[in-house]
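Worksheet: one structure, shown below.
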Amino acid sequence: MKRSPEDIQSEFDKEGASRSPIQIEDIVIGANAKEELLRFLQKKCWNHPVIVCDRNTYEAAGRLLADELRAGGIKASKVIIPEHEAGAAAADERTLVYTLINLAEETDVIIAAGAGTIHDITRFAAYQRGLPFISFPTAPSVDGFTSAGAPLILNGIKTTIQTKAPIALFADTNVLKEAPRSMTAAGFGDMLGKITSLADWEISRRLAGEPYSEAGAKLVKDALWQCIDHRAAIAMGTEAGIQILMEALIVSGLVMLALDHSRPASGGEHHISHWIEMEMLKAKQPPILHGAKVGCACAVLSDTYKELACHEKLAELPPHFREAIQSAYEGLPDGKTIAGWLASAGGPACFDEIGVKQDLVSDALKHAHTLRDRYTGLTIINENAALFAHHLHQ
C-alpha cells in the first residue's frame, strides 16, 4: 500500500494538526493477503479466531480463509450471520445478540470476512467482548473497514457507536477481483461521495467553526481523484484498478480514524443515504448497497448545492455566508458529470435505477440533516426554508 498509517500520521504532524494515533499494526493489500493474515496470527500466538461472515461471503472467502488457517495450525471457527426477512444481514439488535452468543468462550480474535455490514457487526461484538478484530474485506465496497465507529440500526434508527478499529487489515486482491461488480461500483460511489462531503466540510469550518484539517482534505481529495482517473480499470475489475480503489477507501478511512470524526468523507450525501436506508428498513424493503445510495445522492446534492450557490435569494444572507457557500459549492461538478462517472464504473447513475422513488428523495432532502449534529449545505437550505427549500427540494 502506497499510503501507510505512518504516512497518514506524518501528513497531519507536518501540518501540526491535532490527531488521534492510528493503532492499526498491519495493512496488506495484495494477492498474498491470506498468507500474511496467517503469519500475523502466528506472530500474535492467536490460535482460536472466529470468522464472522454471511452466507455469501463465507462461500466467496470465508471457507478458503478458514481452510488456510487450519492448514497452518490455527483452530479457526465461524459465525455465519443469518439473513433478515428483507434478504440480507443487518447490523441491528437481533444480529448483534446472535453474534455475541455464538462466539466461543476460547475466542482470542475475531475476523470480519465480508463488506461493510459484517465489519460493523464484528467491530461491535469485538468491542463488547474486549477482543481484537481483523479486517478481511471481500469487496472494495465502503471506506469504513478501518473505522472505529460502528453504524448500527438501533430501535430502527441509524446510530453510530464508537467501538474500536481493527488491529490489522488484509485485503486479498484475488478475493476482491471476484466481488460482484455492483459492490465494486458501490465502493466507487462511496468515494465519489467525497465530492460533496469535502465541500460540506469546508462549509462546516467556515460557518460553524467545526474542526478542519487541510492535510486531511488533501489526502481524501487525492484518493478521490485517483479513483476518478482510473474508473475504467476499476470498472473492468483489473488488479491495478481494484488496488487503486481499495487503497483510496482505506486512505479515506484512515483519515477519519486519525481525525476522530468522519467529516472529510461523510456529508449531506451520507445523511441522505442514511435517511433512505432507515425508511426502507421501516417498510421492510430489501436493502440497497450503501455506496450505490451515496453515489446517487452525491449527484443530486451536487446540483442542489450548485443551485444554492447561484440562488437569487442568497443575497439575503449575511455576506460571509454568501462567500462561503459560493466558494464551497460553485465549482462542484454537475450532477450529469457525476452520474456519468458512476455509470462508467458500472454502477447506478440515479435513484430511479435503484428503485428509490422521488418523493423519498425529496423527504430526505428536507429531513436528513437532522440525523447528525453536523453543519452542511442541507442544514443551510432547511434552516432558511422560506428562502430556498421549496425550489431546491424539487
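Easy rule for this one: first residue shown is 1, then count along the chain.
Heads up, the Cβ atoms here are built off N, Cα and C, so glycines get one too.
Shown in sequence order, Ala112, Ser135, Pro137, Val142, Gly144, Phe145, Ser147 are the residues of the chain, 6+ apart in sequence, with a C-beta less than 8 angstroms from the C-beta of His119 (NAD(+) binding site). If you look up Swiss-Prot, you'll see Asp54, Gly116, Thr117, Ile118, His119, Asp120, Thr138, Ala139, Pro140, Ser141, Ser147 marked as NAD(+) binding site.
Contacts of Asp143 (substrate binding site) defined by a Cβ separation under 8 A and a same-chain sequence distance of 6+ are given as Gly187, Asp190, Met191, Ala248, Leu249, Ile250, Ser252, Gly253, Met256, Ala265, in order along the sequence. The annotation substrate binding site is assigned in Swiss-Prot to Asp143, Asp190, His274.
Feature annotation from Swiss-Prot assigns Ni(2+) binding site to Asp190, His270, His290; the stated evidence is sequence analysis. Cβ neighbour count for Asp190 (substrate binding site): 33 (other Cβ atoms within 10 Å of its Cβ, all protein chains included).
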### Message
Counting across all protein chains present, how many other Cβ atoms fall within 10 Å of the Cβ of Thr138 (NAD(+) binding site)?
### Response
28
### Query
What is the nearest of the binding-site residues Thr138, Pro140, His274 to His290 (Ni(2+) binding site), using the Cα of each?
His274
### Task
Can you see whether DSSP assigns Ser147 (NAD(+) binding site) to helix, strand or coil?
coil
### Query
Cα distance, His274 (substrate binding site) to Thr117 (NAD(+) binding site), nearest Å?
13
### Task
Work out how many Å separate His270 (Ni(2+) binding site) and Pro140 (NAD(+) binding site) at their Cα atoms, rounded off.
18
